[in-house]
Amino acid sequence: MSPRKYVIVTGGVLSSVGKGLTTASLALLLSSRGYSVEAIKIDPYINVDAGTMNPYMHGEVFVTEDGGETDLDIGHYERFLGKNLSRKHNITTGQIYFSVISKERSGDYLGQTVQVIPHITDEIKSRIKEVGDVSGADVVIVEIGGTVGDIEGLPFLEAARQMRLEEGFDNTFFIHVALSPYLPTTGEQKTKPVQHSIQELRRIGIQPDAVVVRSHQPLEQEGLRKIALYATLPMENVINSYDIENIYRLPLLLEKQGLARLVERRLFGRETRPDLSRWEEFVALYEKASRRVKVAMVGKYTKLRDSYISIVEALKHASAYEGVRPELLWVESTDIERGVVDVDRVFEEADGAIVLPGFGVRGVEGKIEAIRRFREGKKPMLGICFGMQLSVVEYARNVLGLKEAHTTEVNPETPHPVVDLLPEQRGIDKLGGTMRLGARPVRIVEGTILWSLYGRELASERHRHRYEVNPTYVDRLVEAGLVVSAWSQEGYVEAVELRPRDHPFFLATQFHPEFKSRPLNPAPVFKGFVTAVARLRG
């Protein structure tokens, strides 16, 4: 059995430069060559996980099957690889220090002076190797978040440097992703920041084996030659990843430039042809779609689109197979409350709406008003998580006539708590990792819209919530025409909808269908929504 291979992806110049998509693309390219691949994201922040972080600071919290609240890049990895990952695929500084300090308190270090080297770096390497050992992967790709030079990332870069020594040159491959900025005033693409970034990486003791240069537009050969010379690399080891409209074309761009071939040749001593036929078919379908549909995205974190990135991607997946291109109308629900945005105008412009997840008081009434308008106006509407809970609140107020109905999350004193805290959440006072999280079985009611989308009674979907539809009010809601189309094993409401005779498509789910959507296997809920929107558009 050949030794396990490790690919380490680092970044330079600035964060959010494209390391995550580069990692996901390489994972796909190696997987398409028949290798088993795992992808890990390292986040150097001291938080234990992303669960308590503001979406404006960090973007979406991606929930894994086992209930991990992880970085959004884990979502990219899952979508490109087409496989489920776990909480162990997202390593943070908080996890590492928590583990090392716990071991020290337990006496595991036998009186040693606990230091960054070797104790912290050993823990980092152990976490990386554990993912490979558990899965038996041929290749483990590790993306180190942040940029070279960040003080928070130094222990992780040191651990990566040690891995080259311990695992061997032929079993490790370092890729550095750095930005070559474009200056519109002079029309120049500058390579100096990339050169300085490589220099900083070398100071730490890491020589990159390939450099992926991010740029606004394709770089001239002279610029790539400069970078290759400075990095002490052949020209073929400098890859240009320029801006493209469709992220799902990126693996094809990197394949054309030979990135996976470089990695495979070094680590496995051979070159094989990938099978990208199904991926290419999806890309062609997505890019061929010309009929546009307008979808209102009603939420409270709309100023940072990464807050809802899995929902955006799930829409793309479903739309490609329907032959339409979604045009997203971002609607800040707080602006509806303030009167800055006219909900009637949103309704007239959009072909359908998604009421997005979120927590807390801000923007709630704006979401409820949007739900009312799309329900009464009979345009397709999909509510997710908090969007489902507020759909129930809206229905209770405007159909049942319970004008003061609310969720106790927003109004603990409401006389009609149609949404209330889950029984299992009572008495919990810590926020981190304590919600109802991860994949849970969902029992779908036959004869409903949801059943027509899944075609079966049992499904597994991911969750992230503390509140439920209050069972005390379920019978009254059903008598008033609301359909409960799915239940949990514990008896919680998992989905509500309206009958097709009452509304062309009104569906809201407690679970998050977006987390399991894949380019080659779109989520049924999003397929149903997009089909309804496309039908309305004509």
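Including glycine, each Cβ sits where the backbone N, Cα and C put it.
Binding site for L-glutamine per Swiss-Prot: Y56, G358, F386, G387, M388, Q389, E409, plus R466 from the candidate set R305, R462, R466. According to Swiss-Prot, the residue from D66, D71, D73 that belongs to the ATP site alongside S16, V17, G18, K19, G20, L21 is D73. The record from Swiss-Prot ties S15, D150, I151, E152, K190, T191, K192, P193, V194, Q195 to CTP, and of the options K41, K125, K226 it ties K226 to that site too. Within 10 Å of E143 (Mg(2+) binding site), counting CA to CA, the binding-site residues S15, K19, Y56, K226 contribute K19. Y56 (L-glutamine binding site) sits 22 Å from I151 (CTP binding site), taking the CA atoms of both as reference points. Ranking the binding-site residues G20, P193, G358, G387 by other CB atoms within 10 A of the CB puts P193 at the bottom. On its own chain, V194 (CTP binding site) has G12, V13, A178, L179, S180, V211, V213, I227, Y230 as residues at least 6 apart in sequence with a Cβ closer than 8 Å to its own Cβ. When the binding-site residues S16, K192, Q195 are ranked by how far their Cα is from the Cα of R466 (L-glutamine binding site), S16 comes first. Looking only at Cα atoms, G358 (L-glutamine binding site) sits nearest to K19 among the binding-site residues K19, T191, K192. Note on the region 'Amidoligase domain' (1-269): mean pLDDT across this stretch is 95.
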